[in-house]
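Participant: Before we start, here is the structure in question, set down as structure tokens.
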Amino acid sequence: MDKGALMTPDSDQGGPDGGSFSSLRSYGRALSQTPRRLARRACAATAPEEEMSRVRARSGAPMARALRWPDLVGLGLGGMVGAGVFVTTGRATRLHAGPGVVVSYAIAGLCALLSAFCYTEFAVDMPVAGGAFSYLRVTFGEFAAFLTGANLIMEYVFSNAAVARSFTAYMGTAVGVDAPSKWRIAVPGLPNGFNQVDLVAVGVILLISVCICYSTKESSKVNMVLTAVHVAFILFIIVMGFWRGDARNLTHPADPAHPGGFFPNGVGGVFSGAAMVYLSYIGYDAVSTMAEEVERPARDIPIGVSGSVIIVTVLYCLMAASMSMLLPYDAIDTEAPFSGAFRGSDGWGWVSNVIGAGASLGILTSLMVAMLGQARYLCVIGRSGVMPAWLAKVHPKTATPVNASAFLGLLTAALALFTELDILLNLVCIGTLFVFYMVSNAVVYRRYVVGPTGSSTESGDRQPSAWPTLAFLLAFSLIALSFTLVWKLAPEGGRTRVGLLSACGAAAVATVGAFQALVPQAHTPELWGVPGMPWVPAASVFLNVFLLGSLDRPSYVRFGFFSAAAVLVYVLYSVHASYDAEESATLDGAKVQDEACRV
């Protein structure tokens, strides 16, 4: 790692003897050194070996390596199916894609699979619990990792709060209470979208928070049973939809005044729907956070991550098709689309109740997996020193990050208490796409620029310059952004638009081809690597940028405010906490090796 970031002459001014936060005077001195500390720490990257040894040792007790690929597939299915598909399908169909939501799910699934390949290469090479945070920390340095980590925590907290509020709607349907507002308490005087108090959602989150503090292996067994039941329930929905549905609903709206056809809002509506339903794929990245608890990472992680994404994509497309056949797109209930499709049908009202009960079960399963993942993210962020160290502690009896689990459970519950679903969903989508975009860039950088260990390339030459790879990543992102802006802003149907889109597409292909021909790979992963390098991660970057461009302006405003707040926290707290932690570790010279990982 960057030793210059650790060895400084001013340990008496906020160093390990007292720390930057030991007194107001120490903190004032630390703030006065902020520019120099930022210069030293922001781009300081750790080596994978340090992430798996000295940094991991800060948690105290180790996490137990007890998971295999069936556990990971089950966790992936449990984490994805039951969350987004029951929350976003109705909104994406009615507001954006219409029956073309089937294609929206296929596009989002392809994007998720490409990103999953990038996650898998990192997780196999560096099986720690930090997921994208750890991957970016060893690639682009501490600041990029912190900004991504903040967005990861936002992604999980907001998505879990959104899903918990949806649980209220489906549970109401299961017991015959159709209106979610009957389960919520209206609070006069609060802003619209924040004035419906949902105590059921809070109770669910707190209950799951208590459950996940126990053994991860036992939680996986419970998840496997619940997921098996839930997949059977999903197949029931698909069969009922195709049996009771009408193919006319795929092209004819309920109101003739609304646009018809399979793509009522055009191709643009399909991609806008894809950006919204991307929430449905939050879950496979949670599987990557379990890498520290996987028995054989090189075998189990590729099967677990990619396999779960492929299975879920097929299920989502079939579910979306069955829902679109049951009702015209403009008659779909945005709060509970599947159960609402049977509501009022003669002799079939019981199906609505069954769907409500089954969806509630699936939502509980997905919440458990997501909250398992978010706790491990925060645990590793605590290990890195940029957040309080008590968040990193692993309980010696349960081998789980109890402090991180409890903290995030309370935060999610507080958010679910007031905030409406649509406000949460857009923030989740933009945060997810941003993180996947960063990881896709990182895997290219790691392949073409040797990591922070400073070792030579496979041929024995010196480490190559980072500038060609950074220039490629920047140029390709700008091309993807140009394509997105033309798609979004240029008038439809004109030759100019078609010409500009074709030019951007050709430039993207030419840029990747030139990079592949001119810049040799610095190293090849020993155990598992992304196939088709650099085309697969480049396609992931392009799709993520394109889907980001499909989101609305308020999403970017809220994302900007949140990112600015994260930067402020880093400048005022995290850079100084990290400085203290790393200097103290350097002086102590502690080294701990993990002997439990087999490949």
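Cβ atoms here come from the backbone N, Cα and C positions, even for glycine.
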Participant: Select from 263-284, 373-394 the stretch of residues annotated by TrEMBL as transmembrane segment.
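Facilitator: Within the set 263-284, 373-394, TrEMBL attaches transmembrane segment to 263-284.
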Participant: Suppose you look only at the domain 'Cationic amino acid transporter C-terminal' (528-578); what would the mean pLDDT be?
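Facilitator: For the domain 'Cationic amino acid transporter C-terminal' (528-578), the model's average pLDDT rounds to 86.
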Participant: Quickly jot the same-chain residues contacting the transmembrane segment (498-519) by Cβ under 8 Å, restricted to those at least six beyond its ends, or write none.
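Facilitator: Distant contacts of the transmembrane segment (498-519): 448, 464, 468-469, 472, 475-476, 479-480, 482-483, 486-487, 490, 534-535, 538, 542.
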Participant: Which listed stretch (102-122, 305-327, 465-486) has the most C-beta pairs under 8 A with the transmembrane segment (222-243)?
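Facilitator: Comparing 102-122, 305-327, 465-486: 305-327 has the most Cβ pairs near the transmembrane segment (222-243).
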Participant: Return yes if the transmembrane segment (305-327) and the transmembrane segment (465-486) have at least 3 CB pairs under 8 Å (sequence gap of 6 or more), otherwise no.
Facilitator: no
Participant: Apart from its near flanks, which chain residues at least 6 from the ends of the transmembrane segment (263-284) lie with a Cβ under 8 angstroms of it?
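Facilitator: Distal contacts: 76, 78-80, 83-85, 87-89, 91-93, 95-101, 103-105, 107-109, 111-112, 116, 119, 155-156, 159, 162, 253, 305, 308-309, 312, 316, 329, 366, 369-370, 373, 425-426, 428-429, 432-433, 487-488, 492, 546-548, 550-551.
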Participant: Taking DSSP states H, G and I as helix and E and B as strand, how many residues of the domain 'Cationic amino acid transporter C-terminal' (528-578) are helix, strand and coil?
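Facilitator: Per DSSP, the residues of the domain 'Cationic amino acid transporter C-terminal' (528-578) fall into 40 helix, 0 strand, 11 coil.
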